[in-house]
Structure formats: C-alpha cells, structure tokens
C-alpha cells in the first residue's frame, strides 16, 4: 500500500513538471509570435516608407532633369551671346584700334632696282580664273599631337597625292613622310613614317610641298630657296632670294625668315626687309625656275603677326589677339586690288593651345594645315567670291 502511494506521488510530480514545461513552452511560443507579428508590422511599414521614398526620389530626379535641361538651354543661350559679344568686340577693335594697315612709300633695295620697279608697276597676270576669298572658318579638327611646339605639316599642294609631310622643328634636315593621313593619325610618334633627308637644314617653318618637290628656305649669309625632288631625293634647283637685309617676316615667329606659300596661282614668297621693316612684302615666284615674277610691298604690319597664307592671289596675315589662344585675320592684301581690308570679312580662329607656327593652304582641298604648340590641326574654310572695286 505504501509503495502504491509513493508511485502515485511520483506520477503526480512528473505530471506537474510536464505541465509546467508545456506552460513555459506555450508562453515562449506566444512571445515569439508577438515578436514575429511586430517584425511583420515593422517590415510592412519600412517597405511602405521605402516605396514613398522611391517615389519622392523619382519625382525629384524628374524635376532635376527638367532643371538640368533648362540650365543647359540657358547656358547655350549664354554661350551664343558670349560668342556674339566676342565677334562684336573683335569688330570694334578692328574698327577703333590704331590703324594696323597703312600705306607706305615704295622702298626698293639697291640690288636689282630697275627690275624690282618694273615688277612692282606691272599689272599682275592671273594664271587662273580663281576669285575665291575666305568667308569664315567653317570647322576645326585636331588630328593629333606629335613633335615640338613649332613645325609645319602639309600634303603635296599641287597634286591629289595622299602623302603627308612633317617638318618637325625650325632647323632640321629630315622630313617625316607618311603614306596617308590615316597612317599619320594612327602612328605612334613617327613610327609609320619614312625619313626623307634633305642636303641642308631648313630654317623656320615656311616650307611647302608642291608637285613632288619640297621648297624650303635655308639661311647662311643670305636667304636661299631650295627645290628638292621627293622622288629622286636630290636638289633640282637653288637660288638666292634677290633682296638684301632680311628680317624675320613675323613678329611672333622670329625663326621664320621667309614663308613660302602655294595657292591656285602657284608659288609665293612672303618676306620682310630692313628697308621696309614694319611691313610684310610679297613676291610671286616661278615654281619651275624659281625666278621672281613680281613683287609687292603690302600694308600688313609684321608686329604681333603669327603667320600668313595666300588664296587666289590674296595674302591673309594672321595676328594674335589679347585673348589667350585667340587669333584672327586682321590684314589682307590682294594683288589684283579686288579686296581691301575694309571689305574683307573678319575671320577669327577658334580658341587653341598657343599660337600658330605655320598655316599652309591646300587649294585641292580648301583646307588650312596648322601647327599649334605641337598639335596638328585642320581648318575647313567657308569661301565666297571676291567683289570688284
């Protein structure tokens, strides 16, 4: 009997402990359910808040896009107005500044006085019917940067040859020849070029390539124009330029003692002498014999001049402005008296890196090949017809 009571007691105690454990587990499950419910509520609230934030951000981004477009349009308008103001300022400077181009008396050198007088008085005989003149710079393209700050690059201006010629520096004897413009642009430095070694070093940046010949300037005791055959790799002609007491032709490029140019009419020489030191002179040359056909004293000053080029018998002199990287054609001289400075359009070049060490006109393409602080640049020209006066 006593054993039965003990057994029942143990059973009761076990049952009570089991019930207590069940109660504890139920309380813990209820607590976990409460927490899960709380987490669900919080997650729902956070998701709702994130959706609202996303909608607000999308709305703000759309508003910012609209404001960005408005600002862009405003800046475009401001840029247009600034360009207009710059053009007007350039025009006013041209009209109101100290007269940059004035008439000068003919000062002839002692050597070949009679010949020079006759050539200056003679009416220039046009070789072609070309009557184009620059209206504006239509576009600018920077091809690459190779070589030093000063140099010259060009194609053969008398033919449709695709070869490109690089004159790196102002006193060298090796020309870099590229087969095409594409080879030049993709070449690492001068790796794709062929060295074309001339017999004497050039002086300055006033060279041209015309009808398979390089025409370059060499200076020792006198100025010499040398004609070099690019196919036979030999000098075919050489003459001393028949004027005395040369001075650098451009105030801002003192290394260039003479600048050769080619246009639709043929070969030209741009130079300056001590007798007419303030101004630039122009001569028409025979590209075959290198004889001087005619000479002119222009009204274009040397001071602050960067470089020049010739198109259809008109000399365009480029001057540096007071604004960094800006230059413009400020003086023109037409050998047929069809264009005057007052009638010529104001042509200005886009902002660049420094100033031009050379500008070479290609009459086949109506492009200017420019060298600017080691950058090789192409300018596409917009042309119009000259007006008779």
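Note: Cβ is positioned from N, Cα and C throughout, glycine not excepted.
Looking at 22-70, 71-119, the range tied to coiled coil in TrEMBL is 22-70.
Per-site Cβ counts within 10 Å over the disulfide-bonded residues 130, 312 peak at 312.
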